[in-house]
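Colleague: Before we start, here is the structure in question, set down as structure tokens.
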Amino acid sequence: MAIRIYNTLTRQKEEFKPLHEGEVRMYVCGPTVYDYPHLGHARTYIAFDVIRRYLEHKGYTVLMVMNFTDIDDKIIKRANETGEDPKELAEKFLRIFLEDMKALKVKPADIYPRVTEHMQDIISFIKKLQEKGYAYEGSDGVYFEVRKFKDYGKLSKIKLEDLVKGARVEPGEGKRNPEDFALWKKAKPGEPKWESPWGEGRPGWHIECSTMSSKYLGESFDIHGGGNDLIFPHHENEIAQSEACFGHEWVHYWMHTGFLMVNGEKMSKSLGNFVTVRELLKRYNPEVIRLFVLQRHYRSPLDYSEEGIEHAKNNLERLYNTLENIRVAMSKAEISFRWDEPEFRAYEAIRDARKKFYEAMDDDFNTAEALKAVFEVSNAINRYLTEVEKPKESILRKAWEFFKDVGEVFGLFEDYFKEQKAENDEELINLLVEVRAQLRKEKKFDLADKIREELRKLGIQLEDTPQGTVWKRIKV
């Protein structure tokens, strides 16, 4: 089944056909770095991380670019409030963002272009728009003349006449028309500034992404993504600038994530109803946060609550318990010389769930439906292990490989599937279990208890049974 993507531009699902066979070029709007990332930001970047992972899992080579807006009105305002240098403030929060994304197991982009390192590229882009008659210089900067671009509004479906009536227009003294937006802002006293043909100043927000995405991905590329709040004006203005400059369709698939909601309102810094990634990571494993996000389709609103996070935590524990059950069962599993009814049932459940998983992910990356298939395998394999005395290695291996594929796509279970490390760990743990058993035989209970306690601190729990000591991994 081909991958189908919901294209915001057409408001329908379309079969995904990249411009270059086997390769996907993808741009995701990155943060304006003036504060700590919150869960609303994380929702977007986890969603696009999983989309990228799935495309790679399906065999595509993905070139992913995500920008940093490291000069902006918000950065200047925050720097004035704190007394920091705007450059240092942006650098601090840029590093914090990268640290938080790494903690959340979001794979790094291939390129992270920063606005301040692309000023000449931005100036060249604006000059091209001027030469083509789409941009003009006003008293306070350079503006894009919206009404000259005939397709304006095709992404957001906003009509120009409605915009002129005052719907979300940007202020500016030098505008010819109220709907026009800034490409270059002339410097104000005390603000960071760069030399340009129009005097000292800095770029407008929208031109930055048009410039940096096309520099690294070309004048046409496959996927442009971001949050729903970027559809208008940001992405609408990006289309106008880029297609005016290049003279043809710019981006083929526009993808947008739904809002993270708190008590019926969008989580945002302006409303003060946000929880930072760092706050959550103090209380929850990063995989809990990922699973919380993946329990809803990326386009749907996601309601944040402590109960919702706890539900994700419990679900993650269920999956880890299943993995542990498989691992323990592997030690007594036998080669499959014969299958009986329990094996056929387990095999069919795994086979059908794998099919459902890929069908869901091919259908606009529907992680919520895909997760249902994951829990079907979890339930089926646990049921199988209660039905048989000696499980078959082939059944356990198929379940194990399914969870490994899920982990690769969803960014879960990473510690379980670093195989070489896991094998070495298991050999060492088994050796310590044997040493502890010998110590107990010799009545050296203090040392035996010491081994048990130290292993527990490392996430290994020992259980003494009539058949001997078994161990399992736990979250610490």
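Just so you know, glycine gets a Cβ as well, placed from its N, Cα and C.
Got these off Swiss-Prot a minute ago, pasting:
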BINDING   CYS29, CYS209, HIS234, GLU238  Zn(2+) binding site
MOTIF     31-41  motif ''HIGH' region'
MOTIF     266-270  motif ''KMSKS' region'
BINDING   LYS269  ATP binding site
Colleague: Please report the three-state DSSP label of CYS29 (Zn(2+) binding site).
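Modeller: Once the DSSP labels are grouped into three classes, CYS29 (Zn(2+) binding site) ends up as coil.
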Colleague: Note the Cβ centroid of CYS29, CYS209, HIS234, GLU238, the recorded Zn(2+) site, then list each other residue of that chain whose Cβ lies within 8 Å of it, in sequence.
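Modeller: Leaving out the recorded residues gives TRP205, HIS206, GLU208, SER210, SER213, HIS224, GLY226, LEU230, HIS235, ASN237.
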Colleague: Which site among HIS234, LYS269 has the most other CB atoms no more than 10 Å from its CB, taking these as binding-site residues?
Modeller: HIS234
Colleague: Per-residue pLDDT averaged over the motif ''HIGH' region' (31-41) comes to what?
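Modeller: Over the motif ''HIGH' region' (31-41), the predicted model scores a mean pLDDT of 97.
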Colleague: Can you tell which of CYS29, CYS209 has the least company, meaning the fewest other C-beta atoms within 10 angstroms of its C-beta, among these binding-site residues?
Modeller: CYS29
Colleague: Residues with Cβ closer than 8 Å to the Cβ of GLU238 (Zn(2+) binding site), same chain and 6+ apart in sequence?
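Modeller: Long-range Cβ contacts: HIS206, CYS209, SER210, HIS224, TRP250.
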Colleague: Could you state the CA-to-CA distance between CYS29 (Zn(2+) binding site) and the residue listed as 'ATP binding site' to the nearest Å?
Modeller: 18
Colleague: Could you give me three numbers for the motif ''KMSKS' region' (266-270), the DSSP helix, strand and coil residue counts?
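Modeller: Across the motif ''KMSKS' region' (266-270), DSSP assigns the residues as follows: 0 helix, 1 strand, 4 coil.
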